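Working notes, beginning with the structure itself.
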Amino acid sequence: MWAGLLLRAACVALLLPGAPARGYTGRKPPGHFAAERRRLGPHVCLSGFGSGCCPGWAPSMGGGHCTLPLCSFGCGSGICIAPNVCSCQDGEQGATCPETHGPCGEYGCDLTCNHGGCQEVARVCPVGFSMTETAVGIRCTDIDECVTSSCEGHCVNTEGGFVCECGPGMQLSADRHSCQDTDECLGTPCQQRCKNSIGSYKCSCRTGFHLHGNRHSCVDVNECRRPLERRVCHHSCHNTVGSFLCTCRPGFRLRADRVSCEAFPKAVLAPSAILQPRQHPSKMLLLLPEAGRPALSPGHSPPSGAPGPPAGVRTTRLPSPTPRLPTSSPSAPVWLLSTLLATPVPTASLLGNLRPPSLLQGEVMGTPSSPRGPESPRLAAGPSPCWHLGAMHESRSRWTEPGCSQCWCEDGKVTCEKVRCEAACSHPIPSRDGGCCPSCTGCFHSGVVRAEGDVFSPPNENCTVCVCLAGNVSCISPECPSGPCQTPPQTDCCTCVPVRCYFHGRWYADGAVFSGGGDECTTCVCQNGEVECSFMPCPELACPREEWRLGPGQCCFTCQEPTPSTGCSLDDNGVEFPIGQIWSPGDPCELCICQADGSVSCKRTDCVDSCPHPIRIPGQCCPDCSAGCTYTGRIFYNNETFPSVLDPCLSCICLLGSVACSPVDCPITCTYPFHPDGECCPVCRDCNYEGRKVANGQVFTLDDEPCTRCTCQLGEVSCEKVPCQRACADPALLPGDCCSSCPDSLSPLEEKQGLSPHGNVAFSKAGRSLHGDTEAPVNCSSCPGPPTASPSRPVLHLLQLLLRTNLMKTQTLPTSPAGAHGPHSLALGLTATFPGEPGASPRLSPGPSTPPGAPTLPLASPGAPQPPPVTPERSFSASGAQIVSRWPPLPGTLLTEASALSMMDPSPSKTPITLLGPRVLSPTTSRLSTALAATTHPGPQQPPVGASRGEESTM
């Protein structure tokens, strides 16, 4: 009953109707109509209603240009080649072509009556219809021209004709059958480069740019953000639009490749105009403590009669010091003057400053020199200053001499050397204002000093742009597009060849108008490299059609002399409209009036073709671009996407009467997708792993790793090592196996019973489960719990709960050490949980010990059937120290007051076992136990043969 109620509730829940699905059609409310624009192309005339096709011409279905001639009276078996000009099968041309049938035609005549009488008119059908005999008479039925047409695109049959539609990127030719490629590049859809292809085009970018995700725009490539291993500059990189500039660190300069840097020489002298070597060695004066005792440098002796240096002054050669010479001469002043004059010193007034003020006042300078006599006072030792080129310098002082010499004084000795300049850039600025070394703060390029960061063009190179950065100048030149150009370039840096047209062996400039192929009645125009030809437009005639005459060699009709008329005749059937009658000839865009001279004047509301695939609404004059698109005979709403008919891997979208197609975007959400044959995108079901197809859910091994097992799950591959179970202490790995195995020394009994040499229980390949089923090797750290109680058996679950409340707690005795008991030392105890309850597990708990031969499982009550004996399957270890009993499955009726066995699942392989220790149950509990056993297993079970009470007591 409970199961039936649950099943009914599930069925009702499944059959309950859900909320109605709300589909989104994608249609948007119609917006404003696009503003009409003036029609362009040949055969366009202006009227009071705007611009439109001239009389005798109609817009083509593909491009919308006025290139489709109209023959008002039909051409019959001929073809309309010009307004009201038919080309007949016999080679003649005229306003119409004669029928080949008799006066009444193939299907007889109809009697037509009007104002003056009746006449027989041949039964004919309009163009695009055929006469068909039906049960109710002869009817005109539409002809499916698509069956026999030579349309290169998609043919759509219409009432009385057909429409040949070309795919995206193609346009219908003037013959209304063939499709020609549309050069989309003429509309400049690409920002930089455009390459036309059949039915499509491809945008590309110049070097230094990459294509944007919209496939039209170009984005600057920041070359300076590349990874370290792919960097473009050796040292520093500065990104520019479409390019980059490289600079070098101080001490390096840019090589000719403008990318790598090279080190300057370790020492580069200042410019030659500043640092010129002297032709004579430098001399300097050293002060002496005594006056009148000059010291000369080696190789320089005072000339005869020349005065020596002033008192307390000595001379020395640079850079090595010169020892003081103990010689003197009465002509020291003359010698000093000649020596100073021979030395290249920039100042000419040195003689007035030879002696410092301290010497002129008679002071004694503390310089390291020996006294002249014993009467001389001893001077305190200390650092001696230096007298150099008329100036006194303290010891350990430094100064720069004119000529870029660096000098320093060290204890009375002056040392000078050339200033060494480090060239840290490629275009340094020469030193100014007495400086010695060039500067890298700015650039000196082509004789002009540029400030830091200046962008300039070299002389006579206006198309080259240079930039000054840290004394380095980097220049780039613009890239000029190759091939012809649509418009003249805006700068003088690039030149291109203008677009021309090649037609019948001659070249024509863009926009040129010429006659085509010697036919004076055909006018051709060169537009954007393509030639478009059409018949020469003819002036509108003021006479009715019956008065048109085409003379020999003429391209247009002329009017003959008018004849008096009382109305306007429209066709050969004699239908006339009175003067002043206004009517619509079946076209909602055209209104006609019968004028007094018998001519018909029609005014047409010309429609502007603002889109290639508008929706034509019946009864409406102009097609509608704002409502959606008409494509391949179907109507699509704005922003509606649909697969292309010509290529299933293209996805098209309708946008205000235009259809744009692009490749299908394939989102890949897995690592190993598989690309089925004939599909546009890979799918994440099967896997493509290392070039081979792996079915979903298939488990396979790797060729180079046979011990690795992999699984394909919805495009993802997960691999793991083959798990191995250690069944013995000393495993051995055999060649070709993934897992180790036990050696052959293991006894057959141990291998069969699943016991290791250490006495532990292990299920081997020969082991059996509790129910006798063959099981695979297992090694579980914890055993899973039994299945939970099924809600479809609430009565059984209630009985189990009532029975549990009447049971005692489990009495457990500690297990004796291994080998302390014999074969009968293992007893059963009372478990605390039932199968189906949380925490229940089919385990054996040791109970209180019983004497040998005493029955462990007593009868439930007098007269109750005896429980069948239970015979355990014993397994002996190698040492025989421990006995492990494996119990066969017990029948469900053995639920007595002493023991109970609850099994929720009747299947032998999944039966959890709960053994209860001996206890005297109450009558109510006994009856519940009996009812529970009967409910679980209604059928009686026979006890196994050969079981003894003694074997049962060992439990």
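The backbone N, Cα and C atoms fix where each Cβ goes, glycine too.
Quantities reported herein were computed from a predicted structural model and do not represent experimental measurements.
C146 (disulfide bond) has a Cβ environment of 15 other Cβ atoms inside 10 Å. DSSP assigns C146 (disulfide bond) to a helix in the three-state reduction. What Swiss-Prot records for C146-C155 (among others) is disulfide bond.
Within 10 Å of the C-beta of C164 (disulfide bond) there are 23 other C-beta atoms, taking all protein chains into account. Feature annotation from Swiss-Prot assigns disulfide bond to C151-C164 (among others); the stated evidence is sequence analysis.
Summarising the annotation, Swiss-Prot assigns disulfide bond to C166-C179 (among others) and lists sequence analysis as the type of evidence. Within 10 Å of the C-beta of C179 (disulfide bond) there are 21 other C-beta atoms, taking all protein chains into account. Under the DSSP three-state reduction, C179 (disulfide bond) is assigned to strand.
Taken residue by residue with DSSP, C194 (disulfide bond) is part of a strand. Sequence-distant contacts of C194 (disulfide bond), defined as residues of its own chain at least six apart whose C-beta falls under 8 angstroms from its C-beta, comprise E184, C185, T188, Y201, K202, C203, S204. As annotated by Swiss-Prot, disulfide bond applies to C185-C194 (among others).
Annotation comment: Swiss-Prot describes C190-C203 (among others) as disulfide bond, evidence class sequence analysis. Other Cβ atoms within 10 Å of the Cβ of C190 (disulfide bond), summed over all protein chains shown, number 20.
As annotated by Swiss-Prot, disulfide bond applies to C205-C218 (among others), with the evidence given as sequence analysis. For C218 (disulfide bond), applying a Cβ distance below 8 Å and a minimum sequence separation of six or more within one chain yields Q191, Q192, C203, C205, R206, F209, H210, L211, H212. DSSP assigns C218 (disulfide bond) to a strand.
For C224 (disulfide bond), the Cβ neighbour count at a 10 Å cut-off comes to 16, with all displayed protein chains included. According to DSSP, C224 (disulfide bond) sits within a helical segment. Feature annotation from Swiss-Prot assigns disulfide bond to C224-C237 (among others).
Annotation comment: Swiss-Prot describes C233-C246 (among others) as disulfide bond. All chains included, 20 other C-beta atoms sit within 10 angstroms of the C-beta of C233 (disulfide bond).
Here the Cβ of C261 (disulfide bond) has 20 other Cβ atoms within 10 Å, regardless of which shown protein chain they belong to. The feature disulfide bond is assigned by Swiss-Prot to C248-C261 (among others), with sequence analysis given as support.
In the domain 'EGF-like 1' (70-98), helix, strand and coil residues by DSSP number 0 helix, 9 strand, 20 coil. Per Swiss-Prot, the feature domain 'EGF-like 1' maps to 70-98.
Here Swiss-Prot flags 384-441 as domain 'VWFC 1', drawing on sequence analysis.
Mean pLDDT across the domain 'VWFC 4' (566-626) comes to 79 in this model. Annotation comment: Swiss-Prot describes 566-626 as domain 'VWFC 4', evidence class sequence analysis.
The feature domain 'VWFC 5' is assigned by Swiss-Prot to 627-685, with sequence analysis given as support. In terms of DSSP helix, strand and coil, the domain 'VWFC 5' (627-685) has 0 helix, 25 strand, 34 coil.
Among the features that Swiss-Prot reports, domain 'VWFC 6' is placed at 686-743, with the record citing sequence analysis.
The N-linked glycosylation site feature in Swiss-Prot is assigned to N462 (among others).
DSSP gives N472 (N-linked glycosylation site) a strand state. Residues near N472 (N-linked glycosylation site) in space but far in sequence (CB under 8 A, at least 6 apart, same chain), listed by position: T247, C248, R253, L254, C425, S426, H427, C443. The feature N-linked glycosylation site is assigned by Swiss-Prot to N472 (among others), with sequence analysis given as support.
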Check your understanding: What is the number of other Cβ atoms found within 10 Å of the Cβ of C151 (disulfide bond)?
Key -> 19
Check your understanding: Based on Cα coordinates, which of the following recorded positions are within 10 Å of C155 (disulfide bond): C164, C166, C190, C237, C246, N462?
Key -> C164, C166
Review point. Which ones are near C146 (disulfide bond): of the disulfide-bonded residues C166, C224, C233, C261, which have a Cα within 10 Å?
Key: none
Revision key, fill the gap. Within 10 angstroms of the C-beta of C166 (disulfide bond), the count of other C-beta atoms across all shown chains comes to 24
Check your understanding: What is the nearest of the recorded positions C190, C224, C237, N462 to C246 (disulfide bond), using the Cα of each?
Key -> C237
Exercise for review: Could you list the residues of the same chain, at least six apart in sequence, whose Cβ is under 8 A from the Cβ of C237 (disulfide bond)?
Suggested key: E223, C224, R231, F244, L245, C246, T247
**Study point:** Rounded distance in angstrom between the Cα atoms of C179 (disulfide bond) and C151 (disulfide bond)
**Key:** 8
Practice item. Find the one among the disulfide-bonded residues C164, C166, C190 whose C-alpha lies closest to that of N462 (N-linked glycosylation site). Key: C190
**Study point:** Inter-residue Cα distance where the pair is C261 (disulfide bond) and C164 (disulfide bond), in Å
**Key:** 65
Study note, to complete from the structure: Grouping DSSP H, G, I as helix and E, B as strand, the residues of the domain 'VWFC 4' (566-626) number 0 helix, 20 strand, 41 coil
Review point. What's the CA to CA span in angstrom from C190 (disulfide bond) over to C166 (disulfide bond)?
Key: 23
